[in-house]
Amino acid sequence: MTHLILVRHGQSEWNLEKRFTGWVDVDLTGQGKLEACKAGEYIKETKIDIDYFYSSFQLRAINTLKFIQDTLRDKREPVKAWQLNERHYGALTGLNKDEMKEKLGEDKIHAFRRSWDIKPDPLNRNNPYHPLNIEVYKSIPKENIPDTESLKDTYDRVMKFYIDEIQMKLKNDKNILISAHGNSIRALCKFLFKLDNQRITLLEIPTGNPLLINLDSKQNIKECTYLDQDRAKDLLVF
């Protein structure tokens, strides 16, 4: 039995402000830090030995993982991968979700947020929120940096990394923890749970709540559960 643990970062500053965050680097709130520490405690209680830790390039996921590793007293350096980043929200980046609903209409914003293949307008490359203007992304080839993304785009990006980097480790009975984001975890769940394009748009991922997935030798899911049942969301699986 192999274990895969998926953790969406704890509440971020822009989660609290209801702003579209995407690839912008914002940190955790006080509540987000508490969620991350609590996630570490839940993971510690499982007594699972983690072989590899992964996070996105983004501070909120990196710091969530740091709190978890501190709780586990594990000082190993995690693998940071931009491919695990949140979905890029294009021209919506930095804007308030409620204000955009009033301006563009609730249906249009819902389509941007929850549809499978609809993407917002691209973010101008001169905008300070564009990844090309953020220092942490200078190491990424420019052709790999998006101006906007749909959930499908995010799925394609995340899954290429998962198949190339993570899947074989799981097949070799290595236990893995990934600290990432709502949409990058949604992409992983689509693949692992075999959710169709409509069903995946309904999946909600809570902040700072570890999702433990137990896999058999053929990578089939034997069991999956949120470790904090008080804040669990419907996995839409069974």
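Quick reminder: no glycine exception, Cβ is built from N, Cα and C everywhere.
Lifted from Swiss-Prot, the feature list:
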{"type": "ACT_SITE", "residues": "HIS9", "note": "active site, tele-phosphohistidine intermediate"}
{"type": "ACT_SITE", "residues": "GLU86", "note": "active site, proton donor/acceptor"}
{"type": "BINDING", "residues": "8-15, 21-22, ARG60, 86-89, LYS97, 113-114, 182-183", "note": "substrate binding site"}
{"type": "SITE", "residues": "HIS181", "note": "site 'Transition state stabilizer'"}
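Within 10 Å of HIS181 (site 'Transition state stabilizer'), as judged by C-alpha distances, the recorded positions found are ARG8, HIS9, GLY22; the full candidate list was ARG8, HIS9, TRP14, GLY22, LYS97.
GLY182 (substrate binding site) sits 7 Å from GLU86 (active site, proton donor/acceptor), taking the Cα positions as reference. Using a 10 Å Cα-Cα cut-off around the residue listed as 'active site, proton donor/acceptor', the binding-site residues GLN11, TRP14, LYS97 reduce to an empty set. Between the alpha carbons (Cα) of LYS97 (substrate binding site) and HIS9 (active site, tele-phosphohistidine intermediate) lies a span of roughly 19 Å. Cβ neighbour count for GLY182 (substrate binding site) (all protein chains, 10 Å cutoff from its Cβ): 19. Remark: of the recorded positions ARG87, LYS97, HIS181, the most isolated position is LYS97 (fewest other Cβ atoms within 10 Å of its Cβ). Counting other Cβ atoms within 10 Å of each Cβ, the lowest count among the recorded positions ARG8, HIS9 belongs to ARG8. When other Cβ atoms within 10 Å of the Cβ of TRP14 (substrate binding site) are tallied across all protein chains shown, the result is 20. In the three-state DSSP classification, TRP14 (substrate binding site) falls within a helix. Between the recorded positions GLN11, GLY22, GLU86, the minimum number of other C-beta atoms within 10 Å of a residue's C-beta occurs at GLN11. ARG8 (substrate binding site) carries a strand DSSP state (E or B).
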